[in-house]
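Copied from Swiss-Prot, the annotated features are:
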type	residues	note
BINDING	Gly47, Gly48, Tyr49, Asp65, Phe92, Asp113, Gln120	S-adenosyl-L-methionine binding site
REGION	294-346	region 'Disordered'
COMPBIAS	314-327	compositional bias 'Basic and acidic residues'
COMPBIAS	328-337	compositional bias 'Low complexity'
Amino acid sequence: MKTGRGVGPTDAAGGPARHLPVMLAEVLAHLAPKDAGTCLDGTFGAGGYTRAILEAANGRVIAIDRDPTAIAGGQALVEETGGRLTLVHERFSHLDQVAQDLGAAPLDGVVLDIGVSSMQLDEADRGFSFRRDGPLDMRMANDGPSAADLVADLDEVELAHVIWTLGEERFSRQIARAIVNARAESPITRTTQLADIVSKVVWAKPGEMHPATRTFQALRIAVNEELQELVGALAAAERVLKPGGRLVVVTFHSLEDRIVKNFLSHRSKAPSASRHMPQAEGPAPSFRLVAKGAVEPGSDEVAGNPRARSAKLRAAERTDAPAHPDGDLAGLLPADLSQRRGRRRS
């Protein structure tokens, strides 16, 4: 997840980060930036991928981030690169509109690095980390309901569903019940307060994942509508890439990777024919897979940056076929999330 998204040797949900770009060599190899080309980095963070792209070729980069702190922190890189970098405060589901507004469409490449950044984890006041006491916030763009709002407002069944669906937490019902019981005594407004509640329900052996990891993941994804945003960004990239343009996506857990895998699988297959319908109708493939399956980090990278162990990279090249209609995108999401996109815009 770029400089500011890769983290160091402690737990990804809360420890101090060293800001190491994850799978940087693999990202550059699959993105293949060109001189005079234009690439879009949809998740700027602290600019690790963006800087590397600018150093790899004498082209232009448009970098997007929904977090205003990241945009402010990138101004020095804008000045350093002599006008080849444009920073935009926006959600990456709108990346096609950003490129069009800047007169940069169609694009030669799009890179997406999904999830929370280590900068956000490092700042206790952002409320992402269960290891750092802070307000239970988790909003990447400081708009809309916070994690504390969800914890206060969702009923027990809804909480359990969020924690199970978005955190893949098998103790979701017990955790939801504990949250409801605890909030009846006093409001849950601090990160460590919630982490303590979860830790009393989920036990972990020394060296295992912190008990609150999956619950925090679920709330963060829900607060920021991360899966809906990812689906929107994939479709936006399909619309704005030129033929031969590359899409590279790095994910860090199975929910994200499954969406990317299914999207690229569907977009890279020709319509199926059968003896009943020998001339199958349907959209032509809009992508060609560059990486056959997921690319994973090497052992040396994982040893130096343990968070990289869960990273998966998928890459594809745009064909000259028209973009597919958006009607089938909802199938990439859990059913109850497919109708919730676009409630908020930062």
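Using the three backbone atoms N, Cα and C, a Cβ is placed for every residue, glycine included.
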Determine the minimum-neighbour residue: among Tyr49, Phe92, listed as binding-site residues, which Cβ has the fewest other Cβ atoms within 10 angstroms? Phe92
Could you tally the C-beta atoms, other than its own, that fall within 10 angstroms of the C-beta of Asp65 (S-adenosyl-L-methionine binding site)? 29
If the S-adenosyl-L-methionine binders are Gly47, Gly48, Tyr49, Asp65, Phe92, Asp113, Gln120 per the record, what's the largest distance between their Cα atoms, in Å? 17
Residues sitting near the compositional bias 'Basic and acidic residues' (314-327): Cβ under 8 Å, six or more positions beyond its termini, same chain? 30-31, 235, 238-239, 241-249, 251, 257, 260-261, 264, 266-268, 283-291, 293-295
Taking all protein chains shown into account, the Cβ-based neighbour count within 10 Å for Gly48 (S-adenosyl-L-methionine binding site) is 23
Using a 10 Å cut-off, grab the number of neighbouring Cβ atoms around the Cβ of Asp113 (S-adenosyl-L-methionine binding site), all chains included. 29
Going by DSSP assignments with H, G and I as helix and E and B as strand, what are the residue counts for the compositional bias 'Basic and acidic residues' (314-327)? 2 helix, 5 strand, 7 coil
Taking DSSP three-state, what's Asp65 (S-adenosyl-L-methionine binding site) in: helix, strand or coil? strand
Including all protein chains displayed, how many Cβ atoms other than that of Gln120 (S-adenosyl-L-methionine binding site) lie within 10 Å of its Cβ? 24
Is it possible to get the count of other C-beta atoms within 10 angstroms of the C-beta of Gly47 (S-adenosyl-L-methionine binding site)? 29
Per DSSP, Asp113 (S-adenosyl-L-methionine binding site) is which: helix, strand or coil? strand
Check the DSSP secondary structure of Gly47 (S-adenosyl-L-methionine binding site), expressed as helix, strand or coil. coil
